[in-house]
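S.K.: TrEMBL feature annotations, pasted as is:
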type	residues	note
DOMAIN	3-330	domain 'Kinesin motor'
BINDING	83, 84, 85, 86, 87, 88, 89, 90	ATP binding site
TRANSMEM	467-488	transmembrane segment
């Protein structure tokens, strides 16, 4: 198992920071020294250090290209940018603009798009690729679909074979790089941003870009699926520096809380891999839940720590670098996503199978409850037994069922068939119940007639002889027989 690839990037000083003393001293391409106002020194080493004179292309070549190429081989990969607000995370990810044409200013995202579609062109007819794009943000602990703003509380599920899933998220099938960039541009325009004293356009959410790459090889019965995830984290903030108030302050608190949860996960992972039994708190925030695959060992992961070189931001830079140093100790193993060709052609519904079974069980109980109001207990039990024998809507659902899953079109077809059968049965039962009531009324009338005859016989004789008793019994039997024939003939119709 390889460690997570961790790099550091130092942005140039801004115009406001000109003349400020710097806190960084270069050593080589992998290490440097951080120095505070009291001349205390902290040494750090990473897989690669990008200093303020580094190019966007340098970052992509070292950090992202290997992961992108593996995604084309159906290997999952994740790239994360981390750091304080205004440290250059979004610039690294998107560039000066997602539609930027200047190759020197292009960020990771447009370069990923270029690489994916260039590789598809070169593969020829031996392989067929499909690339789907999704884009979400985590804003105030809610997952929002940036391609469909009506989906503002997407649920996170875990599936044994597919890992973490975002239920109902929009997936756009993209055919070329230009189309992909246009969709990315529209999604970025929907992101939550705000102005602070440290950043005129500060990201107020964590943004997640998901490329799903499906590879189908000619003459093979399998489809390889690689998921490439890019994460632009919102920056950690100190209120006294940003001057945040009101809504912006609440956003800052939520951002800092989720980043704190991420730090706790990193600490727990490093402790557990050092032999200490530890609970990994992935469920403490939406961010850590979504990053579970990336940090939990089933994805090839790269982390870029973005920092400011100025001494005024020393404490924030030190915190960022310590986070990266801890993450460096996490061991990760990439996972190849491969599934059967027939499965790939099934319709995927963003509902867990367990949820659907529970809904069906609840539907059955409500229907039987209504039937109990009109039918006697014995008949209701027979109906319930019939359903149990058929095994359609009465399958018991255990609470230990695996969370999540994917319902296929076959299951939906079975559901519809079972529902139709149930409706038909209910109609027949209602009809039969109505006929029973009619037959009962008819027998009641006949019984009253027989009683009237008996009374008249008794009026003629104080003691009914044996003959009159036999006549009365025979009449009752005839009455029930006639009523039964009437009911049977109606039911057969």
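Every residue, even glycine, has its Cβ placed from backbone N, Cα and C.
TrEMBL annotations: computationally assigned, not manually curated.
In terms of burial and nearby residues, how do these features look in this structure?
M.R.: Reduced to three states, the DSSP call for residue 89 (ATP binding site) is helix.
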S.K.: For residue 87 (ATP binding site), just count the other CB atoms lying within 10 A of its CB, please.
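M.R.: Cβ-Cβ neighbours of residue 87 (ATP binding site) within 10 Å number 27.
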S.K.: Going by DSSP, is residue 84 (ATP binding site) part of a helix, a strand, or coil?
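M.R.: Once the DSSP labels are grouped into three classes, residue 84 (ATP binding site) ends up as strand.
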S.K.: For the domain 'Kinesin motor' (3-330), provide the mean pLDDT of the predicted model.
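M.R.: Mean per-residue confidence for the domain 'Kinesin motor' (3-330): 90 out of 100.
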S.K.: Looking at the binding-site residues 83, 86, 88, which sits with the largest number of other Cβ atoms within 10 Å of its Cβ?
M.R.: 83
